[in-house]
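Below is one structure, written out as structure tokens, with a few remarks after it.
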């Protein structure tokens, strides 16, 4: 039964992905920008930058620090497939497809642990086939949010298993890497999912007979997870003050609320906010309503699952409230909510909760078998079949994404605070002369290293057509030179002086002290994870010998 259900989830999950097999990139809000960003990410990796932070070809070739601030895991995985021979576009489509299937598989693995095989499998399908999942896939092209759906059920699976066992290094490592994966998948969605993880962990500790050991294991998981992901979240959090983030995104939430009726039904289209569908899903709504008598039944039978079910229902209602304009006063008071930018992003939580409640309802429904599972699955597919169609395709050469790209690939929130939001056109040359007489020869240019030979006939002022961001340094004949980047005539660009004579100029992007510290924390945390794995392997061998 288990293998059959797993195979069914995979096969049924492939149906909505058929449009990804069409040549070209599906037309979405962000898809093209994601490919260009990943092209810069891959280029960094090929140049030896293990942790890419600077995208040299973006923003009309003036560069951009977006790689430091936006979720790197989708780019790492897409880069792996590109390295294996897939085109950039196909690499992105593979990531979308794999994460879609894995999200359903992991939801099934978690739910079956306490609900059984068929309810778990159907919960996995509800999780995959919710309308908002196709908004992410075929409307917005939101690769980070799409990937985040993989890790929430996987995290819950590991901490559930850990609550049932004494001490398992493998489960601790699995839980830690899953949380790290969530953090690296999407900044905002990880923050959104953390309350669910925390509350579920508290629920499991409350149920556990060995509360202290379970609690310690969970704390260890959290420490390792945040440690592994430190290379990303520490610089992204603390160096955000150097960007336009707070200026660009200020008050953005106020015009993005959802009318309640649109949670029930909204015409499917590919438009912007306020136009694309924000419906929860017909079958998902039915299971939410059916969960109420089931919660009452569980309570009467003194089944502790009623707490999880009731808590999920309340969380669902509160989440809907947060997405409506009635919650504006909360958004205005809580600055942390404003980090999510769009209230409708909380649909990610409704996808999870409705899938959980659907599984619970099915678990306590009599005569649920494989036939009823297939029947319900067919109903779910028939209801949602109009949502998984691509809105056309972009057919562009690979060099379009690898070359100079005219966008920052975001809304400008990652642009340096001393620069303008977007550069408007490509510079004539990478380096120019502001004053004086200088001949310039480009020797080498990568994302993070620009080398020139210059011959100055007099003391001259030079303009490097690269946006300044902490980490950029100018060396003239191996000596560090001061850099000016706030001249209003060359806003955000690096300018400096060179004396008369022949010089070699190296302009290098290095890790700041903060980034170096964060990198070290990640390396140490990975070392601890390797140590835990070794401990688990050795303990297994010891038990076999004994």
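Just so it is clear, glycine is given a Cβ too, placed from its N, Cα and C backbone atoms.
Annotated features, as they stand in TrEMBL:
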- 71-385: domain 'Membrane protein 6-pyruvoyl-tetrahydropterin synthase-related' (DOMAIN)
- 69-89: transmembrane segment (TRANSMEM)
- 94-111: transmembrane segment (TRANSMEM)
- 137-160: transmembrane segment (TRANSMEM)
- 167-183: transmembrane segment (TRANSMEM)
- 189-206: transmembrane segment (TRANSMEM)
- 213-234: transmembrane segment (TRANSMEM)
- 282-299: transmembrane segment (TRANSMEM)
- 306-330: transmembrane segment (TRANSMEM)
- 342-363: transmembrane segment (TRANSMEM)
- 370-388: transmembrane segment (TRANSMEM)
- 516-538: transmembrane segment (TRANSMEM)
Top stretch among 69-89, 94-111, 167-183, 213-234, 306-330 for CB pairs under 8 A with the transmembrane segment (137-160)?
94-111
State, in range form, which of 167-183, 189-206, 306-330, 342-363 has the highest count of Cβ pairs under 8 Å to the transmembrane segment (282-299).
342-363
I'm a bit unsure how to read this: which one of 213-234, 306-330, 342-363 has the highest number of Cβ pairs shorter than 8 Å with the transmembrane segment (189-206)?
342-363
Cβ contacts under 8 Å made by the transmembrane segment (342-363) with residues that lie 6+ beyond its boundaries:
107, 111, 115-116, 118-120, 122-124, 126-127, 130, 132-133, 135, 145, 148-149, 152-153, 188-189, 192-193, 196, 252-253, 256-258, 263, 273, 278, 280-281, 283-285, 287-288, 290-291, 294, 305, 308-309, 312-313, 315-316, 319-320, 322-324, 327, 331, 376
Taking residues 6+ outside the transmembrane segment (69-89), which of them lie with a CB under 8 Å of any CB in it?
24-25, 34-35, 37-39, 41-42, 45, 51-52, 95, 143-144, 147, 181, 184-187, 232, 236, 240, 243, 245, 398, 401-402, 410, 414
Taking all residues of the domain 'Membrane protein 6-pyruvoyl-tetrahydropterin synthase-related' (71-385) together, what is their mean pLDDT?
95
In the same chain, who gets a Cβ under 8 Å from the transmembrane segment (306-330) while lying at least 6 residues past its ends?
196, 199-200, 203, 254, 257-260, 263, 278, 288, 291-292, 294-295, 298-299, 337, 343-344, 346-347, 349-350, 353-354, 356-357, 360
